[in-house]
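TrEMBL has this to say about the protein:
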DOMAIN    116-195  domain 'Cyclin N-terminal'
REGION    277-306  region 'Disordered'
COMPBIAS  278-287  compositional bias 'Gly residues'
COMPBIAS  294-305  compositional bias 'Low complexity'
REGION    346-385  region 'Disordered'
COMPBIAS  358-367  compositional bias 'Basic residues'
COMPBIAS  375-385  compositional bias 'Basic residues'
Amino acid sequence: MQQESFSQISAWNFQPEHIHDLRVRANKEAYLFVKKRNESEDKSLVSIPMAHSFAKKYSGNKSDGVGGDTEIKIDDIDAKFPNVEDELILLNFYCKNLLALIGPNASTRRLERDIKVASTASVLLRRFFLSNSIVLFDPKAIMVAAAFLASKVEDATCDIRYLEDGTKAMQAHVSIKEIIGAEVDLLAGINFDLCCIHPFKIVLAYTEDLRTFLKSKEGKKCVNQETVSGEDLRPIYDGARNIVEKIMFGSDIMLYASSGKIGLAAMMLANDNLIQGQGQGQGQGQGDGKENQGDNNNNSGNSNSAIKIDFKGYMHCRFTDEKKEHEIDSSWQDVVSLCHKLRDAAATSEPDMAILKSAHKKLKKSRVWGEQKSSKKRKRPKENK
């Protein structure tokens with residue numbers, strides 16, 4: 001499955017350490033902006049922060065300019081200022097809240113959309129905050145703007161008034177004016193690159209292909225059952241979608257792996273989980289259940305057993321015409337490595353509330369957005385007098 005021509009592959013694929021470098025720069029620039037603003041006698045003279053998009057084409061080279069003008073050591077930053085880890089905790093929090101705002105289980109019925117809309121919003125949100133800090137841009141407003149923009153990208157447009165109502169239902173009101181302003185910042189921060197390819201679509205494509213392939217002569221060598229129906233693949237499909245949903249909204253995996261590899265790794269992990277679950281169920285009376293993992297033919301008569309697919313054999317059979325053997329082997333190693341990362345990401349628990357509150361407390365003291373609204377509230381009692 002060739003995807004190299006898409007911008008998501010060429011411009012939004014990073015090594016984990018590069019993602020950290022980008023966030024460090026964004027955090028440093030935010031600190032310098034806030035410091036300059038606090039030291040200025042007239043804060044109105046300090047310009048409003050502009051959204052950056054330096055992350056799009058960053059490849060890890062010094063020439064890419066990630067150092068920028070922020071030659072300040074991390075140790076020099078005030079401990080009360082949100083650090084990179086604090087920002088990531090809050091970013092994950094807002095990404096997960098997208099599912100309550102828009103998607104299959106949205107809190108407002110008029111915002112119920114396919115999961116791909118929330119997924120696109122999550123990707124756009126993460127792309128934006130690679131080049132920008134939550135200290136300078138309200139993550140709640142950017143989150144809602146990402147949902148609004150994603151609904152248009154995925155041809156499932158929703159009325160902006162419904163999004164405002166959705167934020168009210170979540171007790172986190174964002175006005176229409178704020179959503180529109182945040183959308184402008186969001187577009188600038190991702191350099192107007194709206195292309196997103198999701199693992200959800202890849203999982204479906206692989207499932208449909210396996211349904212046909214496993215019935216062929218070569219395909220029967222890659223599965224432990226004589227006949228395989230669409231219903232036999234459903235547990236793998238459902239499990240893979242659940243894995244993808246967890247990692248899409250709670251991790252950065254979409255930023256350092258292609259959706260094609262993520263989708264295949266999710267299916268491998270789902271298949272492995274089914275086999276392990278069956279082995280644990282049978283282990284009480286029949287050992288640890290690992291004896292069958294190396295033999296694809298000894299369960300052919302047991303219709304109740306989970307199917308075991310040889311995904312490596314599947315890759316070699318399916319993509320030999322498109323790629324050379326060593327390229328397929330290299331891709332296979334990438335998928336195996338990614339499978340371990342998916343397992344860790346899917347198993348990640350919710351952050352401790354104390355840690356989340358601490359990060360939010362730092363943000364509240366340092367942020368530059370939301371100040372005008374709070375100042376107006378203080379003046380109202382004086383006007384009533």
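Using N, Cα and C of the backbone, Cβ positions are placed for all residues, glycine too.
For the domain 'Cyclin N-terminal' (116-195), the mean pLDDT of the prediction comes to 96. Secondary structure of the domain 'Cyclin N-terminal' (116-195), assigned with DSSP and counted as helix (H, G, I), strand (E, B) and coil, comes to 55 helix, 0 strand, 25 coil. Each residue in the compositional bias 'Basic residues' (358-367) gets a DSSP state, and the totals come to 9 helix, 0 strand, 1 coil.
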